[in-house]
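Asker: What Swiss-Prot records for Asn132, Glu135, Asn161, Glu164, Glu193 is Fe(2+) binding site, and it gives sequence analysis as the kind of evidence. The feature Zn(2+) binding site is assigned by Swiss-Prot to Glu135, His160, Glu164. The transmembrane segment annotation in Swiss-Prot covers 8-28, 36-56, 75-95, 121-141, 148-168, 197-217, 219-239, 244-264.
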Amino acid sequence: MSQHLFTAFILTALAGLSTGIGSLIAFVTKHTNKTFLSVSLGFSAGVMIYVSMIEIFPTAQTILTKAMDKKSGSWLTVLAFFGGILLIAIIDKLIPSEENPHEIKTIEEEDQKPTKLMRMGLMTAIAIGIHNFPEGLATFISGLQDASIAIPIVIAIAIHNIPEGIAVSVPIYQATGSKKKAFTYSFLSGLAEPLGAIIGWFLLMPIMNNIVYGAIFSAVAGIMVFISLDELLPAAEEYGKHHLAIYGVISGMLIMAVSLLLFI
């Protein structure tokens, strides 16, 4: 179990700290590659939707129906799934729209007063940190269940964290002229994912059993579906043409399907 815990934590940390990659990209380029971002974000959505509905949700249902009976376990699976959606939706609603990490800006759009830019960067970092808490727990729980499921999820979350890193670092860099400060705040916002995993695990450990574990696993599926539909797909559409986003989604589903088949 300790080996699984270590692996799950490392995977979660890698996903969260990819915000630092976004920060570095912001320093070396003056233009946002919208086509690449559109396809990449669509790809992330495809991976997360496919693995949630084809692998995580059925696995949660199997765990719960074995721990309970078929009817009760199936009902709890569905309730936990939509409970996960409700949780991330509430968190999303509590974040002001102007600071919401879903409202991603391109590098070219940041041109305001230094004080306002600094505040924007700091508030975005805080918002992303709050938003990344449940993502961290979702990645961690997936890693505990099966690393082969978690690795594609980590890649998908890492891809969608890159533009969030840009959203934090660009305004802070333009306000202060300090790459170190911009990178630090971007990096710290990503730490919320492994922190969310640690806090969530220690809170749940005293009550952990197959029913709780299965319910959390189903809620993880709900969280990832909501993130995909509410965040990744709209961002993919905003950055590029409609079909680029859809091609990205289909590619993500295909890669995820093949990777799961390889581990059968």
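Placement of Cβ uses the backbone N, Cα and C atoms for every residue, glycine included.
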Asker: Ranking 36-56, 75-95, 148-168 by Cβ pairs under 8 Å to the transmembrane segment (197-217), which is first?
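Answerer: Ranked by Cβ pairs under 8 Å, first place goes to 75-95.
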Asker: Rounded to the nearest Å, what's the C-alpha distance separating His160 (Zn(2+) binding site) and Glu193 (Fe(2+) binding site)? Just drop the number here, would you?
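Answerer: One finds 13 Å between the Cα atoms of these residues.
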Asker: Which bits of the chain, at least 6 residues beyond where the transmembrane segment (8-28) starts or stops, bring a Cβ under 8 A of a Cβ in it?
Answerer: 107, 128, 132, 135-136, 139-144, 147, 150-151, 153-154, 157-159, 161-170, 173, 179, 182-183, 186-187, 189-194, 197-198
Asker: Specify the count of other C-beta atoms within 10 Å of the C-beta of His160 (Zn(2+) binding site).
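Answerer: A count of 27.
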Asker: Restricting to the same chain and to residues at least six past its boundaries, which positions have a Cβ under 8 Å from a Cβ of the transmembrane segment (75-95)?
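Answerer: For the transmembrane segment (75-95), the nonlocal Cβ contacts are 57, 60-61, 64-65, 68, 101-102, 127, 130-131, 133-134, 211, 214-216, 218-223, 225-227, 230.
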